[in-house]
């Protein structure tokens, strides 16, 4: 009986360690994962304000995409280009010149930059991993992101 309990406990520990939060994560259906975050491309065009609001309605903690490394930006480019071809997607930066904003719309620190001009809101090209200043009232496609 003692051996059975010991083996059962051992199997339980193995099961819990493999299924626990540290063993991996899953994004909801239709979302792609990268570095503990979930991303989704939406083939809907809207202005920056509506795009940010739209993202917050898609999943708890979701915002317009933020980038914290060139590798992450490359992941998003590789994800968006097959769907949108050569176009722009909104990213979670606005009023960066007028208000000296140093945060993404999700509240994370602006610690990676790839500027290409000045304007109120920033969009990323779906092919070149460059950020372009755009009028916030223009419409672009949307990529949302949240931490898994």
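Including glycine, each Cβ sits where the backbone N, Cα and C put it.
Among the features that Swiss-Prot reports, signal peptide is placed at 1-23.
According to DSSP, residue 27 (disulfide bond) sits in a coil region rather than a helix or strand. Summarising the annotation, Swiss-Prot assigns disulfide bond to 27-38 (among others).
According to Swiss-Prot, the domain 'C-type lectin' annotation covers 34-145, on the basis of sequence analysis.
Annotation source Swiss-Prot lists N-linked glycosylation site at 47 (among others), citing sequence analysis. In the shown protein chains, 17 other C-beta atoms lie within 10 A of the C-beta of residue 47 (N-linked glycosylation site).
Residue density at residue 55 (disulfide bond): 25 other Cβ atoms are found within 10 A of its Cβ, drawing on all protein chains shown. Look at Swiss-Prot and you will find 55-144 (among others) tagged as disulfide bond.
In sequence order, the list of same-chain residues 6 or more apart from residue 78 (N-linked glycosylation site) whose Cβ falls under 8 Å from its Cβ is empty. DSSP assigns residue 78 (N-linked glycosylation site) to a helix in the three-state reduction. If you look up Swiss-Prot, you'll see 78 (among others) marked as N-linked glycosylation site, on the strength of sequence analysis.
Under the heading disulfide bond, Swiss-Prot lists 121-136 (among others), citing sequence analysis as support. Counting Cβ atoms from all protein chains shown, residue 136 (disulfide bond) has 17 others lying within 10 Å of its own Cβ.
Scoring each of the disulfide-bonded residues (27, 144) by how many neighbouring Cβ atoms lie within 10 Å, the top position goes to 144. In this structure the alpha carbons, written CA, of residue 121 (disulfide bond) and residue 144 (disulfide bond) are 16 Å apart.
Using CA atoms as reference points, the recorded positions 47, 136, 144 were checked against residue 27 (disulfide bond), and the closest is 144.
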